[in-house]
Amino acid sequence: MSSASAILLVLASSFVSCYDPSPLQDFCVALDDANGVFVNGKFCKDPKYVKAEDFFTSGLNIAGNTINRVGSNVTNVNVDKIPGLNTLGVSLVRIDFAPGGQNPPHTHPRATEILVLVEGTLLVGFVTSNQDNNRLFSKVLYPGDVFVFPIGMIHFQVNVGRTYAVAFAGLGSQNPGTITIADAVFGSKPLIMPEILAKAFQLDVNVVRFLEARFSSNY
């Protein structure tokens, strides 16, 4: 490798980092009271007032309520639950599934997700971008199996077993965000014009109106 190539490689690598910005101190425990000022993240508590509880939460041993229209429940452990996660670029979720339940197609705009199945059987998968011809990568998981969903990719999990399923997932952001595709498209506020969605999805406009009525009412 020439010296010029080596310099270019070093310069390029200097711009590579995890999605959340790297911390500039040991920790930055989130402070809720910031007088209404918004920043990309949260303000830091004075380190001398930080305590162990700022890095702690409990309750992930408790199953979430799956009695809902999708038959699943996501329990988030993000910066809103543990202030000490602020600037650390990581969070966690527990996902409970009733038999036949699903975590419907969604995306995390700010995080890659790595999921481990603890109980049950899940069918999981993600779809790549238009540039990659929207390929589906899918797998049936059993307890102890791990699957990765790359950042920004539409993905899903479905309980294909006869018993309840439980999974835990780590995400590469303190606040990864979630966009559930059906809710966003058919339940936006205000609603997208039905004619636009009818053409996009190649559906009768009355079908779109029905879907928008369903998703906008939070049935």
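Any Cβ shown, glycine's included, is placed from N, Cα and C.
Automated prediction, rather than curation, is the source of TrEMBL annotations.
According to TrEMBL, the signal peptide annotation covers 1-18. Under the heading disulfide bond, TrEMBL lists C28-C44. The annotation domain 'Cupin type-1' is assigned in TrEMBL to 58-209. According to TrEMBL, the feature oxalate binding site maps to N103, H108, E113. Summarising the annotation, TrEMBL assigns Mn(2+) binding site to H106, H108, E113, H155.
Least crowded of the disulfide-bonded residues (C28, C44), judged by neighbouring Cβ atoms within 10 Å of its own Cβ: C44. In this structure, the CA atom of N103 (oxalate binding site) is 9 Å away from the CA atom of H155 (Mn(2+) binding site). Note on the binding-site residues H108, H155: the fewest other CB atoms within 10 A surround the CB of H155. Under a cutoff of 8 A between CB atoms, and with a sequence separation of 6+ in the same chain, the neighbours of H106 (Mn(2+) binding site) are I154, H155, F156, T178, I179, T180, I181.
Separating the Cα atoms of H108 (oxalate binding site) and C28 (disulfide bond) is a whole-number distance of 23 Å. Close to the recorded Mn(2+) site, the chain also has T107, A111, F126, F149, M153, I154, P176, T178: residues not among H106, H108, E113, H155 whose Cβ is within 8 Å of the site's Cβ mean position. Other residues of the same chain near the oxalate site, with their Cβ within 8 Å of the Cβ centroid of N103, H108, E113, are V93, H106, T107, A111, L115, F149, H155, A169, L171, P176, T178. Remark: E113 (oxalate binding site) has V148, F149, H155, A169, G170, L171, G172, P176 as non-local neighbours, by Cβ distance under 8 Å and separation of at least 6 in sequence.
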